[in-house]
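Undergrad: One structure follows; several queries about it will come next.
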Amino acid sequence: MKTTATIAGLLFATASAAGAQTLTIYTYDSFVPDWGPGPAIEEAFEAQCDGCDVEFVAAGDGAALLSRLRLEGERTEADIVLGLDSNLVAAARETDLFAPHGVEAEFDLPVEWNDDVFLPFDWSYFAFVAGEETEAPANFRELAESDLSIAIQDPRSSTPGLGLVLWVQEAYGDEAAEIWEGLADNIVTVTPGWSEAYDLFTEGEVDAVLSYTTSPAYHLIGEDDPTKTSWAFDEGNYLQVEVAAVVESTDQPELARDFMEFVTTSGFQSVIPTTNWMYPSVTPEEGLPEGFETLTQPEGGLLLPPQEAADMRDEAIATWRDALSQ
Amino acid sequence: MSLSRPGGAVAGLMLLLTLGTLGAVAWRAEYASGLARADWAAIRFTVWQAVLSAVLSVGLAIPVARALARRAFRGRSLLVTLLGAPFILPVVVAVMGLLTVFGRRGVVSEGLGTLGLPPLDIYGPWGVVLAHVFFNLPLATRMLLQGWLAIPAERFRLAAALGAPVGRLLERPMLRSVVPGALLVIFLICLTSFAVALILGGGPRATTVELAIYQSLRFDFDLGRTALLALCQFALCAAAAALAFGVTVPDGMGGGLDRVVMRWDGSRWLDALWIGAATLFLMAPLLAIAWRGIGSWPDMPPTVWAAAGRSVAVALISAALAMAFALALALRPGPLATLAGVLPLAASPLVVGTGLFVLVYPFVPPGAAALPVTALVNAMLAVPFGVRVLAPAVAQAEAVHGRLADALGLSGWRRLRVVLLPRLRRPLGFAAGLAAAISMGDLGVIALFAGPGEATLPLEMYRLMGSYRTEAAAGAALLLVSLSLALFWVFDRGGRVAEV
């Protein structure tokens, strides 16, 4: 009975929603809950769009998002996809499912970003997060020589894991295999996703975990715990840039374009820091929340252009796998 | 109507959900690359750990189940229920519980530290096997325990009166009929292991086929290779099933009067030792989960409760479907039903979900199908356990009362109601409890279909974990474990009301 009611309810909901202006946004799981950025962004955009309805659909993580869109193809309900990682951009572009966003904006990114299809909405540096009492290594070499224990994510199933292997590959080139062999005895384990690795860290199983330089902000602001920090490496820290794009087959092209414009404004950007715990791609008028000034600032940001990241991916993963399989 | 007829339809449905979904994935493939060297390494590791986990789980379960079968003590029934808990735990929750006990900063390592010994290193192939034994020892114990309880009390009386060896005459024939099936089921469960192997495996050495499937589907969108890998899993399943059924010897000793068993053999102390050791091994991580979760109970956002309600509803529907399917298959003799009863174990949930998505998408919005599809897939995942538990009970009831029922002309629905169902009460209760608990804890396919606001409790827990809220996630995990256990207990208890 319950399911029949649910199905009926949802069918009617979809039918009535098609009449009003509904903007369907596919995003990753942690974007939509009450404590995520979704609800506040929905409210802010609905207040300015004159009777439209924003609907977030959570579809796993960044990689799952893209595969769901590819399964649905041109018949997809999605008007916008929000939450692809820059390393997935080349694969996303190849699908020809996305349309130019038409937004002009000055981004506050540590790297140059010019792309007429994929619009950055937030970013952070990848970094190892540790307790402040742990002595910070200055680079991967020092980390490999130390006795520190770390947890990382699998590059074959997680975007931070992929970011890490690209980071080592970009920073060390032909020496990447050597770095991974040195790190082998520091790596306690490799987890399928970010959550499991981070849980190992908070439980004290490892000294440090691959996460973001903005992660300590959650502990400081959300939990009043100033003891977490992250490590800046002197070879530079690799960036994660998260992007949004308009789906070409959208039945709401104007509304979608309005939303993309809205992404770069304060209404969207001011929500990001303390819900998604990332840096906004355009610093909002009121600046960053108090506490963000305490975060580690790496000297340089590394980021492979999307096509190069895609080309290097297989080689970087093979290097990682072979070095750690010995 | 013949009682074996619905089994054919159910077998068809199972084949559609397993091989059919695989076909749907393959049909959508635009290109296919073959299996790489790394894939073969993954297949080797997968088979190795699955064989070892199955042998160890069943090997250890024999003395534990025998001890539980022949000793009566206060709290035994509660203990039997609690011992089943690890099997129904969500994977990530169980792994975290295990690490609290066996991890580098765990209880055991701390203890070793005070003795001046180095900490335990659980990460590696042996950590994977340890976790799989933790998960599956309870299942193996329960399956064997059912076997022991099915030996009629009169036999033990007779053996005791004659001074005959119970082990050789009564227990060994029972084990020969139950053990191969138990080995097969656990081998297949471990075959599709994903998160356990990754988290505890310590690195890419511990890559399983399921991870390769995940990668080729999510990151490469190589549907052809995905289907090929899934086919490998089914081939392994078929080979293992053929082997297991080949060596099974049906136990055809006839029945008794269902009296409470009294035993006069075996060492009381040895039995206590086995029960004690198993309890410690299985309960310590559970206590750790409870300890972690109880303090963060107030941190849980209200959405967790709504998700819990949704999960319970899905679990009840899944359990009902799973029992109908399993009973239909158990009532149908023949290889088709047998195959349909094990195939779901070898199915990759990700492939089933993706295949169903391809099949459903043209007709229904995925968000609307999320909960019904989750209930159906969870029911499918529970069918093999139901069949394993119900089929021997059906066979025995037929062996004992079949001729009388024939003579009385009982057939079809009336035969089921009068002759079979009363004797299937206990296995049905157990299997339904298992099905409800499995559905409760399984992330299933909802992550693939989820629309706005459709989260189940496991999905909600993952979402909490994914946004730094580990405390609230620990609370949700405890709620999940408690609800799973409660559902299991209610059904299992319901099935046992008949006995004293």
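Heads up, the Cβ atoms here are built off N, Cα and C, so glycines get one too.
Predicted, not measured: the structure shown is a model, and the values here were computed from it.
According to TrEMBL, the feature domain 'ABC transmembrane type-1' maps to B:43-491. Among the features that TrEMBL reports, transmembrane segment is placed at B:47-65, B:77-102, B:122-145, B:178-200, B:227-249, B:269-291, B:311-331, B:343-364, B:370-391, B:428-452, B:472-491.
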Undergrad: Using Cβ distances below 8 Å and needing 3 or more such pairs, separated by at least 6 in sequence, tell me whether the transmembrane segment (B:370-391) contacts the transmembrane segment (B:227-249).
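TA: Taking Cβ pairs at least 6 residues apart, the transmembrane segment (B:227-249) and the transmembrane segment (B:370-391) are not in contact, as fewer than 3 fall under 8 Å.
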Undergrad: Which range wins on Cβ pairs under 8 Å with the transmembrane segment (B:428-452): B:311-331, B:343-364, B:472-491?
TA: B:311-331
Undergrad: In terms of Cβ proximity under 8 Å, which residues at least six beyond the ends of the transmembrane segment (B:178-200) contact it?
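TA: Sequence-remote neighbours of the transmembrane segment (B:178-200) are 46-47, 49-51, 53-55, 57-58, 61-62, 91-92, 95, 98, 122-124, 127-128, 130-132, 135-136, 139-140, 143-144, 146-147, 206-211, 214, 233, 236-237, 240-241, 243-245, 247-248, 251, 342, 345-349, 384-385, 388, 392.
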Undergrad: Taking 3+ C-beta pairs under 8 angstroms (sequence gap of 6 or more) as contact, is the transmembrane segment (B:47-65) in contact with the transmembrane segment (B:311-331)?
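TA: No, these stretches are not in contact.
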